[in-house]
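**Q** The structure under discussion is supplied below as structure tokens; questions concerning it will follow.
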Ligand SMILES: Cc1ncc(C[n+]2csc(CCOP(=O)(O)OP(=O)(O)O)c2C)c(N)n1
Ligand SMILES: CC(=O)[C@@H](O)[C@H](O)COP(=O)(O)O
Ligand SMILES: [Mg+2]
């Protein structure tokens with residue numbers, strides 16, 4: 001407790017309304033204290049640090065100028081919302097962030113009325129703000145009334161198509177809606193692409209402030225010291241190559257760029273736009289990711305995400321690792337294979353580090369494409385790379401690939417193009433919670449004609465599956481693997497090309513067969529140890545493929561056992577459902593097979609450690625043991641299991 005920062009003024013803020021009685025100078029002090037409190041809290045919990053530190057002043061300014069929660073403040077991605085949570089009545093729980101039973105690391109409607117719209121995947125905020133603005137104008141929420149709608153979106157998130165779809169619509173509807181472009185020249189990695197260069201050009205010259213009204217001779221509307229700046233901006237703009245900004249072309253009034261750490265700029269500009277805006281308005285705010293905490297400012301990722309750390313030194317407290325992460329196995333293996341095959345190339349949507357493609361980019365920069373937060377484009381781009389004779393690996397997290405699903409179906413699957421999908425963060429991911437769970441890819445890929453879908457049981461299997469994918473030119477192929485470390489198995493020198501649609505036998509037993517798809521195999525083996533002690537000896541097989549299924553293996557298992565249990569780290573509709581379909585088609589159920597399918601339950605599971613989340617899901621070793629006993633009807637301590 002004594003290590004905690006002194007925050008006398010922040011201690012008096014229990015809700016944004018408390019900010020309204022403070023002077024501008026006091027608001028500055030609140031911002032300083034809020035920064036110290038955010039650093040202190042994240043040092044205890046770990047999590048997204050840099051983005052929140054970059055919006056400290058903006059958070060205070062927005063809550064002091066606007067009337068939240070009546071006004072709807074929507075944080076894009078919302079990884080920067082910790083300071084917002086502290087100001088909106090959640091300070092007492094801020095040190096439970098991202099933990100089991102604690103605050104979510106993202107905004108969540110069920111958590112607070114100050115979180116009007118949940119997020120965690122990027123680039124949804126402008127659509128949401130526009131929806132609130134239109135609902136307001138149509139008379140929604142008659143009891144309380146709806147106020148303004150404000151989206152805060154980063155320069156990285158702004159690169160996604162969805163943000164532009166929303167701006168296009170907002171410009172057309174001409175609704176009063178505010179978009180704050182929080183431009184810190186960073187995504188998780190440095191941002192890429194023409195939009196990023198464009199934004200840099202907008203402030204390449206001397207700092208200036210422009211307000212649409214200025215051009216109409218209404219400079220006097222702006223409070224000092226903006227009048228001078230606005231006049232200067234008007235003059236500057238006449239000669240600028242940029243001409244009208246692209247935001248204006250989309251129907252927005254554009255204000256900026258302004259210094260997002262200077263309350264003397266933020267407060268008057270926000271007050272002015274609040275008083276004057278009639279249609280869509282974009283306020284371009286320049287900030288620094290990690291602002292005010294030297295270790296974050298110095299870090300390559302500007303403190304984007306951190307483990308728990310020592311506030312004084314910035315040193316992160318990471319548990320020593322015993323095995324390579326799946327991500328690093330993917331990155332290193334693909335890099336080695338790219339050395340031997342010049343047709344191997346790779347696509348990431350703004351996650352070069354998260355997918356391990358940064359390793360390949362170091363050696364083969366011309367064959368690794370970071371397309372920005374643009375999963376839809378990334379998938380179609382990979383499809384055309386394949387059509388053009390390359391061997392593209394499209395490396396995406398399971399949860400983010402969801403955004404490119406139509407492209408997976410329409411551009412990849414229907415055209416039978418050999419895109420290799422490297423699906424990281426498969427299954428439950430832990431602290432990021434339900435929004436980031438990789439629960440659906442087995443189901444949403446295995447139902448596509450011609451797709452090959454694999455899951456690695458360990459890191460050696462992953463290596464084989466990368467080799468298998470590289471060699472597979474006949475059509476689309478996907479392999480999935482979880483977040484975190486492997487299980488420490490011996491790694492092969494080279495990946496072996498697996499026979500498509502062939503599983504492997506792990507151990508032979510009797511009465512019950514467990515057919516595992518993915519890394520639950522480790523838990524299955526633990527369960528088997530416990531079951532042996534009870535005199536039950538299951539057969540275990542690793543399916544490797546959800547599509548095509550190993551029909552021979554499955555039909556042999558059901559012929560030799562009275563019960564079959566499938567297990568996977570995915571939602572219903574995936575591997576187990578396909579096995580059930582096969583068994584039904586083969587009329588196996590007509591002969592009395594006991595069949596059970598262990599899948600993720602039909603709920604969204606809140607953040608916790610992956611093991612705790614799998615306990616909620618009922619997919620840990622003890623659950624498997626219980627399922628086997630229940631299926632076989634074995635008595636446990638005098639009771640039927
Ligand atoms: C659809 C989607 N793809 C990828 C991500 C992963 N992701 C989270 S934050 C982030 C960078 C966002 O950059 P920016 O919007 O500029 O915010 P900053 O962190 O710089 O404040 C990315 C790529 C995501 N959340 N959603
Ligand atoms: C906010 C966001 O979407 C990412 O920062 C995500 O939290 C990264 O997850 P990993 O830590 O698994 O790379
Ligand atoms: Mg950014």
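Cβ coordinates are placed from backbone N, Cα and C, and glycine is handled just like the others.
TrEMBL entries are annotated by machine, without manual review.
Copied straight from TrEMBL:
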| type | residues | note |
| --- | --- | --- |
| BINDING | 79, 120, 121, 122, 156, 157, 184, 293, 375 | thiamine diphosphate binding site |
| BINDING | 155, 184 | Mg(2+) binding site |
| DOMAIN | 324-489 | domain 'Transketolase-like pyrimidine-binding' |
**Q** Among all chains shown, work out which of the binding-site residues 79, 121 has the most CB atoms within 10 A of its CB.
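**A** Output for this query is 79.
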**Q** Quick check for the class: what is the C-alpha distance, in angstrom and rounded, between residue 79 (thiamine diphosphate binding site) and residue 155 (Mg(2+) binding site)?
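**A** Residue 79 (thiamine diphosphate binding site) to residue 155 (Mg(2+) binding site), Cα-Cα distance: 14 Å.
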**Q** For the binding-site residues 79, 121, 155, 156, 375, which sit with their CB under 6 angstroms from an atom of ligand 2?
**A** 79
**Q** Using DSSP and three states only, what is residue 375 (thiamine diphosphate binding site)?
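**A** DSSP call for residue 375 (thiamine diphosphate binding site): helix.
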**Q** Output, ordered by sequence, the same-chain residues six or more apart from residue 375 (thiamine diphosphate binding site) with a CB under 8 Å from its CB, or 'none'.
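**A** Residue 375 (thiamine diphosphate binding site) has long-range Cβ partners 349, 396, 400, 401, 403, 404, 407.
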**Q** Within the set 79, 121, 155, 184, 375, which binding-site residues show a CB-to-ligand 3 distance under 6 A?
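**A** Only 155, 184 qualify.
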**Q** Would you mind listing, in sequence order, the residues at least six apart from residue 156 (thiamine diphosphate binding site) in the same chain with a Cβ closer than 8 Å to its Cβ?
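**A** Listed in sequence order: 122, 186, 187, 188, 191, 350, 372, 373.
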**Q** Where the record says 79, 120, 121, 122, 156, 157, 184, 293, 375 bind thiamine diphosphate, what is the longest distance in Å from one Cα to another among those residues?
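**A** Value for the max Cα separation, rounded to a whole number: 32 Å.
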**Q** Using a Cβ cut-off under 8 Å and a sequence separation of 6 or more, which residues in the same chain sit near residue 155 (Mg(2+) binding site)?
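**A** Expected: 181, 182, 183, 184, 185, 186, 187, 191, 195, 196, 199.
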**Q** Let's check the environment of residue 184 (thiamine diphosphate binding site): how many other CB atoms sit within 10 Å of its CB?
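**A** Its Cβ has 23 other Cβ atoms within 10 Å.
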